[in-house]
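Swiss-Prot has this to say about the protein:
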- 1-20: signal peptide (SIGNAL)
- 36-118: domain 'Inhibitor I9' (DOMAIN)
- N58: N-linked glycosylation site (CARBOHYD)
- 129-401: domain 'Peptidase S8' (DOMAIN)
- D161: active site, charge relay system (ACT_SITE)
- H193: active site, charge relay system (ACT_SITE)
- N223: N-linked glycosylation site (CARBOHYD)
- N253: N-linked glycosylation site (CARBOHYD)
- S347: active site, charge relay system (ACT_SITE)
- N397: N-linked glycosylation site (CARBOHYD)
Amino acid sequence: MGFITKAIPLALAAASVINGAEILETRAGVQTLADKYIVVMNDGMSDKDFDSHRSWVNRTHRRRLIRRGAKAMGGMKYTYNFPTGLKGYSGHFDEQMIKEISKRADVKYIERDARVQINAIEQQDNVPSWGLARVGSREPGGTTYYYDSTAGEGTTAYIIDTGTDIQHEEFDGGRATWGENFADDMDMDCNGHGTHVSGTVGGRTFGVAKKSNIVAVKVLDCNGSGSNSGVIMGMQWATEDAQSKGADKAVVNMSLGGAFSQTSNDAAKAIAEGGVFLAVAAGNDNVDAAEASPASEPSICTVAASTEQDGKADFSNFGQVVDVYAPGDGITSAKPGGGSQVLSGTSMASPHVAGLAAYLIGLGKGGGPQLCDTIKQMAIDVIQNPGSSTTSKLINNGSGM
């Protein structure tokens, strides 16, 4: 079985307001995590005021724990303070504590934390891939990948996923490194999805940008499962690390998503506002991607999946929020422990775009979120039946072949 990444985060179905703070409700079927929440602060909050708020939360939570009958909860876990944009935190709180937090005038909204996971579709081992050849050619059916020898050299791709087998031969014994882990205590890809995605971005055989550096940011465990709060923490870590090394030389790939989540979209927007290019899978439910997050965030590059025959993959989401199509059906790339496997999904399409972004940065095309416009301008108008109100543009690296 191949893999499609699917997140089941929080939906903005409706909102209740208590003294100014929205408590966002969830749609039926969303797998929320019991008594776990994400709290987002008002825009423009200073670090000093944020520290003061969190101190109040910790004090209030401790007082509640020692009261008779107060339910034992873990309290605050992750703190979010993106270099630009989103400030907030996640944690384990009872209903009364959340009501107290919601009364604060400095709180913008609260969402329930939710489970994130990947779903399997199909897998066939050891067959040739077509995606690379399609990216480097203006005509379908080719078997050769044409590209400039710069191949993304000097760029860094952050893969927010299940981790990456950094020892895989695809990464030449050093181009892939471990970043951070917000999923479990095992710094390895015990699922396989993240290694496949990394190989499409920067593998020496399967990669679009064959000389780019890969950084593994693990937010999903061996079962392909994690939390929305952990994913956002991975997004923050990647943004901060990219900015410390040069945001204009960095790209981020997120082959995950799901139902609309304001927090997820706000975090994606913060990456873009931080000057970092972000490619995101459109989703695999054959619906309008405006219903998905972070795919529906307009400041990022949202990618739908195409077939070898230049059609829309039957599972791919569509709609006005889609920026481009990229190969996503039956894509060969690396698997943990060596060798390759074939997976399908918009999860496989998105890293073609992240790799193309790194490739173009290496060519001196400039970096940052505006690179998505360059990619759209270079794309070719070939996708058949792309879906209602959807672009028919397929990515191309401009090699002229």
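Glycine residues also receive a Cβ, built from the backbone N, Cα and C atoms like all the rest.
Keep in mind that what you see is a predicted model, and the values were worked out from it rather than measured.
D161 (active site, charge relay system) falls within a strand when secondary structure is assigned with DSSP.
Within 10 Å of N253 (N-linked glycosylation site), counting C-alpha to C-alpha distances, fall the following of the recorded positions N58, D161, H193, N223, N397: D161. DSSP assigns N223 (N-linked glycosylation site) to coil in the three-state reduction, outside any helix or strand. Comparing H193 (active site, charge relay system) with D161 (active site, charge relay system), their Cα atoms are 7 Å apart once rounded. The recorded positions in question are N58, S347, and the one with the fewest Cβ neighbours inside 10 Å is N58.
The two recorded residues N397 (N-linked glycosylation site) and S347 (active site, charge relay system) have their Cα atoms spaced 20 Å from each other. Cβ crowding, taken as the number of other Cβ atoms within 10 Å, peaks at N253 among the recorded positions H193, N223, N253, N397.
Between D161 (active site, charge relay system) and S347 (active site, charge relay system), the C-alpha separation comes to 10 Å.
Recorded residues N223 (N-linked glycosylation site) and N58 (N-linked glycosylation site) have their alpha carbons 32 Å apart, per Cα-Cα distance. The two recorded residues, S347 (active site, charge relay system) and N58 (N-linked glycosylation site), have Cα atoms 38 Å apart.
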